[in-house]
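> Below, the features straight out of TrEMBL:
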DOMAIN    160-216  domain 'Sirohaem synthase dimerisation'
DOMAIN    227-436  domain 'Tetrapyrrole methylase'
ACT_SITE  D257  active site, proton acceptor
ACT_SITE  K279  active site, proton donor
Amino acid sequence: MPVSLSQTRLLADFPAFFRVSGEVVAVVGGGEEALNKARLVAQTAARLRIIAEKAEPHLAAFIESHGVEHIASPFAPELLDGAKLVFVATGDEAGDRAAAAAARARKIPVNVVDRPALCDFLTPAIVNRAPVTIAIGSQGTAPVLAQMVRARIDAAFSPRLGELAHFAESWRPLVERALPKGLARRGFWRTFFSGKVARAVESGDHEAAHRAAAELIGQGQDASGHVWLVGAGPGAEDLLTLRAQRVLMEADVIVHDALVPEGVIAMGRRDAERLPVGKRKGCHSKSQGEINRLLVKLGQEGKRVVRLKSGDPLVFGRAGEEMAALRAAGIGFEVVPGITSAFAAAADMELPLTLRGVASSLVFTTGHDMTGDVLPGWAKLAVSGATIAVYMGSTVAASVASRLIAAGLHEDTAVAVVENASRSNKRMFHGTLKDLPQLENRKELSGPVMVVIGDAVAGAAIGRAQALSLKPVPVAA
């Protein structure tokens with residue numbers, strides 16, 4: 001029978017936290033489930049007591065390494081004396097019932113693994129950023145769903161969130177003396193947890209965090225802007241790093257290149273301003289100088305800005321020029337790395353970029369210089385044992401091949417080509433250096449193209465790739 005909406009909104013379990021610091025928490029059982037509960041309790045300041053006549057090897061190793069109390073005898077009710085909480089995981093229904101009854105007779109809350117009917121409380125999925133703790137429960141209906149929710153929440157917060165909470169605690173007495181209760185104090189703490197102080201703590205620079213907190217108390221607000229130079233990765237949304245996702249959610253403005261997919265940009269706040277700045281090969285809506293000035297202007301306005309670039313910002317991403325402009329203007333910035341296209345293309349083709357005994361070095365290069373001409377010095381790249389990853393090389397493939405062959409690289413050297421690496425619409429090709437010039441005839445390729453050359457490429461999985469030597473598909477008029 002369907003459950004009414006009003007029923008679904010009523011909590012069957014009241015969420016609360018037990019104070020266990022210095023208290024005994026008992027785990028009854030000697031197997032894997034008991035070990036899981038023991039590991040959970042070990043994350044707290046409780047005194048762990050394990051009651052198991054025989055502990056299985058992994059649990060025994062845990063007991064030894066953590067130095068916890070182990071009562072190696074058959075279960076008896078009096079072994080629970082003094083406990084604040086009890087977890088039962090004997091793996092035997094009769095044993096579980098006996099231990100649960102003994103705990104309940106002593107008025108000790110008990111949790112029995114996989115037997116919700118015997119439980120006084122349920123164990124939630126936990127995000128641990130002590131002292132900040134987030135517990136997710138499903139009232140026992142869908143523990144896997146609770147774990148999935150936990151994973152998403154875990155990804156959203158900095159690993160140093162607990163440090164930030166402790167840092168705030170150390171400043172609380174001074175803040176209470178300096179700022180009146182109400183809007184002023186609440187505004188201070190909002191800025192404290194989202195501005196320069198929080199960024200300094202996250203980077204591990206506690207001296208800078210103390211300076212920023214002192215300035216904030218004096219100013220009453222944090223008026224300085226901040227810029228993150230963020231690598232969006234090769235295109236697949238789930239290859240964006242956790243840190244990149246976090247800063248996108250903090251940004252007031254997202255300044256993005258044309259190659260960054262909409263799905264990645266949409267991970268930012270809904271109310272964030274989006275400023276496209278082009279940066280596609282042969283078609284730039286803004287010059288690099290204009291972009292530099294834009295970032296400085298936004299930072300000077302006190303905005304939190306994400307400069308979102310395809311791949312990694314430090315690999316052919318012009319980040320060096322942007323960092324120099326921000327540094328000269330005194331605007332704070334950070335670099336958030338991304339997965340560069342060469343790695344994504346290698347993963348798509350299942351090819352090792354380095355291979356013991358075959359390829360001992362890796363060269364990243366681009367097919368064009370600042371004027372759009374083919375880069376000189378290709379001979380230097382034709383080094384024995386090097387794998388060469390060529391960015392933006394599709395329109396100069398013939399020149400690349402001829403220069404490498406002239407430099408001494410054999411014409412039968414393996415080549416892999418990937419368009420739209422990591423994305424659902426990727427296309428893959430394989431061949432040799434002598435086939436590479438035919439890449440220029442493939443006018444149907446409109447996405448970013450990565451070319452990988454070297455002996456290690458011969459080990460690629462080419463079953464899903466098309467031969468470069470095949471006639472290209474005609475482009476519709």
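Glycine too: its Cβ is placed from the backbone N, Cα and C atoms.
Nobody curates TrEMBL annotations by hand; they come from automatic prediction.
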> Please list, for the domain 'Sirohaem synthase dimerisation' (160-216), how many residues fall into helix, strand and coil according to DSSP.
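The breakdown for the domain 'Sirohaem synthase dimerisation' (160-216) reads 48 helix, 0 strand, 9 coil.
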> Counting across all protein chains present, how many other Cβ atoms fall within 10 Å of the Cβ of D257 (active site, proton acceptor)?
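Its Cβ has 21 other Cβ atoms within 10 Å.
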> Can you give the mean pLDDT for the domain 'Tetrapyrrole methylase' (227-436), rounded to a whole number?
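Mean pLDDT across the domain 'Tetrapyrrole methylase' (227-436) comes out at 88.
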